[in-house]
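Student: Quick one: the structure is below, questions incoming.
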Amino acid sequence: MAGSALEALLVGIGAIPGAWLRLKAVNHFEPMVPKKHWGTFAVNVIACFGLGLVLALYQSCSAKTGLALLIGVGFFGSLSTFSTFAVELLNELRAGRPFVSLVLALASIAAGLCAAGVGYGLGAYG
């Protein structure tokens, strides 16, 4: 199997459980706090942590390229959902709640950066 076909297969295999987990997480939070965006927020922060960890392990050469594609790009890439995040921000703006949109955007970016940093730190130094 050619390298690019194998890489695509690894990403696809990793994406299946990541997308499934995202669906489960978002559906889990929705009945408890409707329209509060906690499901999207949670999966994006978890994905940032995981991708930071995988990146650090990959850069230290303790993770192989195939494993990084499977877990980093496939699983954590499909777990995170920037498009849903953007639509949720847009919906808050359209509903006349710019402050909610701003707080959600800033909190998501700050939490995502912190989570990626912690994941990277654990992978690089832990």
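Keep in mind that glycine also has a Cβ here, set from the backbone N, Cα and C atoms.
As annotated in Swiss-Prot:
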{"type": "TRANSMEM", "residues": "1-21", "note": "transmembrane segment"}
{"type": "TRANSMEM", "residues": "38-58", "note": "transmembrane segment"}
{"type": "TRANSMEM", "residues": "67-87", "note": "transmembrane segment"}
{"type": "BINDING", "residues": "GLY77, SER80", "note": "Na(+) binding site"}
{"type": "TRANSMEM", "residues": "99-119", "note": "transmembrane segment"}
Student: Counting only residues 6+ apart in the same chain, whose Cβ is under 8 Å from the Cβ of GLY77 (Na(+) binding site)?
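Tutor: Listed in sequence order, they are VAL11, GLY14, ALA15, GLY18, ALA47, LEU51.
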Student: What does DSSP assign GLY77 (Na(+) binding site), in three states?
Tutor: helix
Student: Six or more residues beyond either end and a Cβ under 8 Å away: which residues meet both conditions relative to the transmembrane segment (38-58)?
Tutor: 18, 21-22, 25-30, 32, 65, 68, 71-72, 75-77, 79-82, 84-85, 88, 104, 107-108, 111-113, 115-124
Student: Ten-angstrom check, please: count other Cβ atoms within 10 Å of the Cβ of SER80 (Na(+) binding site), all chains counted.
Tutor: 22
